[in-house]
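Worksheet: one structure, shown below.
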Amino acid sequence: MLTLKRLFSTSHPSVDLKEMKKFQRLAHKWWDEEGEYSALHSMNDIRVPFIRDTLLNMSSNYHLGNPLSGVKILDVGCGGGLLSEPLGRLGASVTGIDPLEDNIRTADQHKSFDPVLAKRIQYKSSSLEEIVEESMETFDVIVASEVVEHVADLEMFIKCCSRVLKPEGSLFITTINKTQLSYVLGIVVAEKIMGIVPEGTHEWEKFVPPEELERLLESNGLSVKTVNGMLYNPLSGSWSWMESTSVNYAMHAVKSGLQGQSSPTDVPSEMESEQPSATAGTTM
């Protein structure tokens with residue numbers, strides 16, 4: 001246990017200080033739906049149903065009004081709470097963490113407008129590594145949406161995700177593939193030509209191919225169940241699902257259960273065997 005403490009709590013190597021400086025400048029802009037984060041706002045139209053429907057297909061016990069009631073979710077790199085809030089509205093108990101204090105201040109302020117969310121969501125200025133020791137196998141679900149392409153040490157990040165996730169828990173990731181097309185669309189077009197996101201938001205070298213992400217997940221006890229491509233239409237400002245993962249993609253993985261016990265998630269659900277029906281996705 002002492003080794004574990006030393007490994008996870010003496011430093012936070014997954015946090016990239018250069019990336020933090022980028023987002024520091026925009027900490028007050030999270031809830032401007034027409035601003036720098038507009039693509040993330042519209043991505044909720046597909047990522048929230050993807051998370052909700054996948055979880056409901058894995059469970060036979062849910063409440064109609066609050067389908068995610070009783071589900072403990074960790075939103076890693078929560079920013080201003082753009083994804084935490086809709087998950088909280090679905091009934092989940094959400095913990096949002098972000099290393100930037102200004103992001104957490106923005107998130108806290110926004111949730112305070114809704115008394116229901118104020119009870120269901122708690123935000124904490126923290127890196128993932130800092131909460132590992134106190135949160136071992138605590139969460140039913142982890143979401144890391146548009147985060148892994150910004151971390152400094154992806155292997156450590158995935159290791160920490162696995163540590164705080166319960167056995168048979170779900171990890172949802174959305175990110176950007178490392179291809180020539182993702183460079184053209186994600187950086188040249190999105191940043192330099194159309195200004196969909198601020199220039200310098202992304203570094204192509206840090207984009208993550210799904211094969212690499214799957215390898216890291218599986219080496220940390222997680223089994224990938226679903227990989228779906230996502231497409232952003234800058235003209236309509238909306239996201240949609242697509243077969244190709246050459247630019248943006250969403251991934252769902254499940255942590256293995258206790259040894260000797262079979263996991264109900266080993267059986268592919270209808271959701272996982274078909275293309276998602278929701279429309280809209282993200283690039284941040």
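Cβ from N, Cα, C; glycine included.
TrEMBL has this to say about the protein:
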type	residues	note
BINDING	R47, G77, D98, S145	S-adenosyl-L-methionine binding site
BINDING	E146, E149, H150	Mg(2+) binding site
COMPBIAS	274-284	compositional bias 'Polar residues'
REGION	258-284	region 'Disordered'
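Geometry remark: E146 (Mg(2+) binding site) versus G77 (S-adenosyl-L-methionine binding site), CA distance 8 Å. Taking the C-alpha positions, the distance from R47 (S-adenosyl-L-methionine binding site) to H150 (Mg(2+) binding site) comes to 19 Å.
Cβ neighbour count for G77 (S-adenosyl-L-methionine binding site) (all protein chains, 10 Å cutoff from its Cβ): 27.
The binding-site residues in question are R47, S145, E146, H150, and the one with the fewest Cβ neighbours inside 10 Å is H150. The local packing around E149 (Mg(2+) binding site), expressed as other Cβ atoms within 10 Å of its Cβ over all shown chains, amounts to 24. D98 (S-adenosyl-L-methionine binding site) is surrounded by 27 other CB atoms, counting those within 10 A of its CB over all protein chains shown.
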